[in-house]
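For reference, the structure discussed in these notes is given below.
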Amino acid sequence: QGAGNHTVLTEFVLFGLSSHTELQHLLFFTFCLVYTLTLIGNLLICMVTLHPTLHMPMYFFLRVLSFLDISTASVVMPKMLLGFLSEDRSISYLGCATQLFCVVFLGATEWYLLAAMAYDRYVAVCSPLRYAVIMNTRLCLALLLLSCCSGTAVSLVQTAWVFTLSFCGPKDINYFFCDIPPLVVLSCTDTSPYEKQMISATVLVIFTPFCLILLSYALIICSILKISSAESRHKTFSTCSSHLTVVTLYWASGTWIYLQPKSSNSQDTKKILALIYTTVIPTLNPLIYSLRNKEVKAVLIR
């Protein structure tokens, strides 16, 4: 429809990962396998952590993390897989807004959940005798609710801000899902005020939880160094290393993408980084947490 000299878009077109026709079937089978592994691995973690021997806050948070990973992959990957096999890669305006809301909600919620998991590890290492008292069911549920509420608020604000921008063409998104950076690039209005707001949001969503996580682990390391036995120190730190691995991957990919939503960095670079937190990390999380956790491995073997 015409609106002055502009065209009001009713849909977008997702370019996907690659425009090379000969690679589409290979990419489809590759990411179909990745998606299947993501679902199987995370569903296994969800079921395993329901075992009576694993009724601890750490495994409650791990179960929620697996659910969020399944959700993130399911929001992004089915549409991407269809794009490999179909010439029609369009997504409606409302569909794009919905996908963006879900991706931001799940990502922000996961960040705050990782901070809650770091606090859980801090209490377990630094106050082991009071762990059961401090990390009770009420606190765990409160931390989960706070994470979800924070994710919802961030997602509502970010989605509303992005879709108040004017999109008057072109409608081609050089990405494999609707995300903030490629949509900001498409806008035909001045986005500098939004970019400044985006930096503030990134600091709130990524750096604030990250600083809380760093503080928790700084206190954990101080406690570990006080342990006289080298074997005990190694065992204590190994329980935290899985979580640190996931946090590092999220932090590196998230900050690079969202600190400069309309930067000179190539969209191909951002697509690779987006793949890390939407497909690679959800696939690796079950392996990271199960292979380095004796209790989880024991239940899996049973």
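Backbone N, Cα and C atoms are what each Cβ position is placed from, and that goes for glycine too.
If you look up TrEMBL, you'll see 41-289 marked as domain 'G-protein coupled receptors family 1 profile'. Marked as transmembrane segment by TrEMBL: 26-48, 60-85, 91-119, 139-163, 199-225, 237-259, 271-291.
Taking every recorded stretch in 26-48, 91-119, 271-291 and counting its Cβ pairs under 8 Å to the transmembrane segment (60-85), the highest total belongs to 26-48. Taking Cβ pairs closer than 8 Å, the transmembrane segment (26-48) reaches residues 17-18, 54, 62-63, 66-67, 69-70, 73, 77-78, 80-81, 84-85, 279, 282-283, 285-287, 289-290, 296, 299-300 in its own chain, all 6 or more past its ends. Remote same-chain residues near the transmembrane segment (91-119) are listed as 9-14, 58, 61-62, 64-65, 68-69, 71-72, 75-76, 79, 143-144, 146-148, 150-152, 154-156, 158-159, 162-163, 177-180, 183, 205-206, 209-210, 212-213, 216-217, 243, 246-247, 250, 254, 277-278 (criterion: CB distance under 8 Å, separation of at least six residues from the stretch ends). Counting residues 6+ beyond its ends, the transmembrane segment (199-225) has Cβ neighbours under 8 Å at 107-108, 111-112, 114-115, 118-119, 121-122, 125-126, 154, 157-158, 233, 236-237, 240, 244, 247, 250-251, 254-255, 258-259 in the same chain.
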